[in-house]
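Engineer: Just lifted these from TrEMBL, have a look:
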- His102, His104, Glu109, His148: Mn(2+) binding site (BINDING)
- His104, Glu109: oxalate binding site (BINDING)
- Cys25-Cys40: disulfide bond (DISULFID)
- 54-200: domain 'Cupin type-1' (DOMAIN)
- 1-21: signal peptide (SIGNAL)
Amino acid sequence: MPNIILPILFISSFLLSSSDASDFCVADLQAPQGPAAYSCKKSELVTVNDFVFSGLREEGNTSNLIKAAVTSAFSAQFPGVNGLGISVARLDLAVSGVVPMHTHPGGSEIIVVVRGTITAGFLSSANKVYYKALRSGDVMVFPQGLLHFQINAGKTTASAYLSFGSPSPGVQVLDFALFANDLPSNIVQATTFLDGVQVKKLKGVLGGTG
Ligand SMILES: *[C@@H]1O[C@H](CO)[C@@H](O)[C@H](O)[C@H]1NC(C)=O
């Protein structure tokens with residue numbers, strides 16, 4: 001008899017004490033952020049709205065230098081993805097819009113084109129180029145950490161959804177890294193092999209100083 005009762009006791013006490021605390025870790029955006037992820041919001045405070053994000057419904061504002069808008073649903077905007085290893089974003093490109101060469105240090109990316117035509121590509125760490133004109137319905141992957149870009153290749157607005165293998169993939173845009181900084185122009189010149197006039201011009205366009 002005891003060898004039946006014991007497992008039953010064990011199971012019922014497990015059920016009583018079980019909580020959904022280990023099912024997810026909705027980001028507590030008020031708590032200090034660690035290097036890996038946000039702290040978890042108390043599970044009794046979690047609601048369905050933590051797992052729903054409506055910020056990708058609308059087209060992003062492409063009235064900017066690059067004529068592009070990336071609307072992110074990363075942990076910081078969409079706390080429900082914290083700790084789950086995934087996130088999503090929306091890309092809108094006006095005619096001649098471009099997302100300049102950039103990397104996501106934290107995760108690989110998949111693009112799903114839903115409108116228009118986008119020329120997208122990446123460079124391997126050996127600087128081999130992989131690029132292609134993508135049509136609506138096409139999907140392309142950009143491996144983690146590699147430089148990649150997207151350009152509107154058509155005569156109409158283009159849109160895509162981007163998903164990432166990280167809830168906080170991060171982003172570093174190469175042009176901004178090089179020219180939107182306050183590193184003295186002579187150092188930028190030395191590290192890029194560009195002439196001083198060109199460096200000053202690019203710093204001016206992209207908002208750098210020095
Ligand atoms: C889009 O952004 C531009 C530049 O910041 C701004 O002037 C404009 O009002 C914005 N448009 C909308 C619809 O928010």
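Using N, Cα and C of the backbone, Cβ positions are placed for all residues, glycine too.
Those TrEMBL annotations? Automatic predictions, nothing curated.
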Engineer: Sequence gap of 6 or more, C-beta under 8 Å: which same-chain residues meet both conditions with respect to Cys25 (disulfide bond)?
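Structural biologist: When sequence neighbours closer than 6 are ignored, Cys25 (disulfide bond) has Ala37, Tyr38, Ser39, Cys40, Lys41, Asn82, Gly83, Leu84 within Cβ distance under 8 Å.
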Engineer: Provide the three-state DSSP residue tally for the domain 'Cupin type-1' (54-200): helix first, then strand, then coil.
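Structural biologist: Across the domain 'Cupin type-1' (54-200), the residues distribute as 22 helix, 58 strand, 67 coil.
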Engineer: My understanding is the cutoff is Cβ-Cβ under 8 Å with a sequence separation of 6 or more in the same chain; which residues meet that for Glu109 (Mn(2+) binding site)?
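Structural biologist: Long-range Cβ contacts: Val141, Phe142, His148, Leu162, Ser163, Phe164, Gly165, Pro169.
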Engineer: When the pLDDT values for the domain 'Cupin type-1' (54-200) are averaged, what is the result?
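Structural biologist: Across the residues of the domain 'Cupin type-1' (54-200) the model's pLDDT averages 97 on the 0 to 100 scale.
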Engineer: Which number gives the other C-beta atoms within 10 angstroms of the C-beta of His102 (Mn(2+) binding site), all protein chains shown included?
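Structural biologist: His102 (Mn(2+) binding site) is surrounded by 18 other Cβ atoms within 10 Å.
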Engineer: An 8 Å radius from the center of the His102, His104, Glu109, His148 Cβ atoms defines the neighbourhood of the Mn(2+) site; name the other residues of that chain inside it, in order.
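Structural biologist: These residues sit around the Mn(2+) site: Thr103, Phe122, Phe142, Leu146, Leu147, Pro169, Val171.
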Engineer: I'd like the Cβ neighbour count for His148 (Mn(2+) binding site), meaning other Cβ atoms within 10 Å of its Cβ, all protein chains included.
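Structural biologist: The Cβ of His148 (Mn(2+) binding site) has 21 Cβ neighbours within 10 Å.
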Engineer: Using CB atoms and a 10 A radius, I'd like the single residue among the recorded positions Cys40, His104 with the highest neighbour count.
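Structural biologist: When each Cβ's neighbours within 10 Å are tallied, His104 leads.
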